[in-house]
Amino acid sequence: MNTLRTAMLLAAMTALFMGVGFLIGGSGGMMIALLIAAGTNLFSYWNADKMVLSMNRAVEVDEKNAPEYYAIVQALAKQAGLPMPRTYLIDNPQPNAFATGRNPQNAAVAASTGLLQRLTHEEVAAVMAHELAHVQHRDTLTMTIVATFAGAISMLGNFAFFLGGNRDNNPFGFVGVLAAMIVAPFAAMIVQMAVSRTREYEADRRGAEICGHPLWLASALDKIARGAERIPNPDAERNPAMAHLFIINPLHGERMDNLFSTHPSTDNRIAALQEMAQQMAGGTQAAPRPTPRQAGEQQPSGPWGQAPQAEQPAEPERPKANPWGRNPTGPKGRWS
C-alpha cells in the first residue's frame, strides 16, 4: 500500500511539473519538464534525506557525545524491530523532530536541542517513537520526496514569470504564466497535506504503541506545539516545503487549525491519544490534559521500566529537572 501511495504521489508531482512546463512553453516545455521531473525523482530517492538534514544543519551523534538521546533511540528501535537509524541533533531552541530516509535500513531521525532541553525523558521517548513509526511505515521516503518536489515546483512556478511571459511557444501567454505561478505551488501544497495529515495520526498511534503509553506523546505534542508557536525556526522558515516532515509544524505563527495546514490540529491529535490511553487502560471516563505524572500511574508496556518523573512547570525558559538538565555534551559543546 505504501509503495502504491508513493507511486501515485510521484505521478501527481510529475504531472504538476509537466503542467507547468506546458503553461510556460507548450509541448516542448512539457517534455523538458518531464525530463526534469524524472531527474528530480531519481535525485530525491537517493539524496533527499541528505538535503533535508543539511538544510536543517543536523549533526550526527552517537553514544559517546549524546549517550542518553542515543540510548533512547536505540531502545525504541529494538522495541519496534527496526535497524538502528542514524541519529542527528539540530542546534535549534524550538522543540521539534523529524525522520527521513528512503527505507528503514537507510533511515535517520533528528531532534532539536530545544526538544531535549524542554521535554522529560518519557516525552522525548514518545516523540522519537513517533518518528520511528514513520520509518516503520516507510512514510519517510514519501514525505521526503514530496518535500523536495514541493520546493522544486514552487521554484519552477516562480521561474515561469521570468521565462514564460514572452515566449512564442507559450500557448496561453501571460495568463498561463500566472496560472503556473499560483496554481502549481498551491497544488503541491495540497499533495503535501494529503501525505502529512493522514500519516501523522497513524504515526501517533504506532508511536504510542512503541513507547508503551499514549499520554507521554500527548504531553509532548502539547509542549512542542506551544514552543513552536513562540520560538522561530529560521531554517524551516527558509525552506517551508520541509514543514510537513516535522512532528509539529515548525513555521512560526502558523495556525494549526488552518484549513491548509500541513499538520492536523494538535488538540485533535491529543484527543485521539487520550482516547487510545482510555482503551488501553479499559477506562470509560474522559481523560484530563496529559502529564508525565499521569502517564506513570500504570507501568508502560514499552522499553521503559519505571514510572516517569513529575512534569515541570509549563514551558520553562530553562529546564529544572529532566535528564537533559545535567549539561550533556553534544557536538557543539554543552546544551544547557
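Just so you know, glycine gets a Cβ as well, placed from its N, Cα and C.
Taken from Swiss-Prot, the feature transmembrane segment covers 7-24 (among others).
Swiss-Prot lists 29-48 (among others) with the feature transmembrane segment, giving sequence analysis as the kind of evidence.
Annotation comment: Swiss-Prot describes H130, H134, E200 as Zn(2+) binding site. Same-chain residues at least 6 positions away in sequence with a Cβ under 8 Å from that of H130 (Zn(2+) binding site) are, in sequence order, A97, A203, D204, R206, G207, L217, I247.
Feature annotation from Swiss-Prot assigns active site to E131. Taking a C-beta cut-off of under 8 Å and a sequence gap of six or more, E131 (active site) has these contacts in its own chain: A97, F98, A99, V109, A203, G207, I247.
Swiss-Prot lists 145-165 (among others) with the feature transmembrane segment.
Marked as transmembrane segment by Swiss-Prot on the basis of sequence analysis: 171-191 (among others).
Swiss-Prot lists 278-287 with the feature compositional bias 'Low complexity'.
Annotated region 'Disordered' per Swiss-Prot: 278-336, in sequence order.
In sequence order, A99, T140, M143, R199, A203 make up the list of same-chain residues 6 or more apart from H134 (Zn(2+) binding site) whose Cβ falls under 8 Å from its Cβ. Spatially close to E200 (Zn(2+) binding site) yet at least six residues away along the chain are I247, H263, P264, R269, judged by Cβ distances under 8 angstroms.
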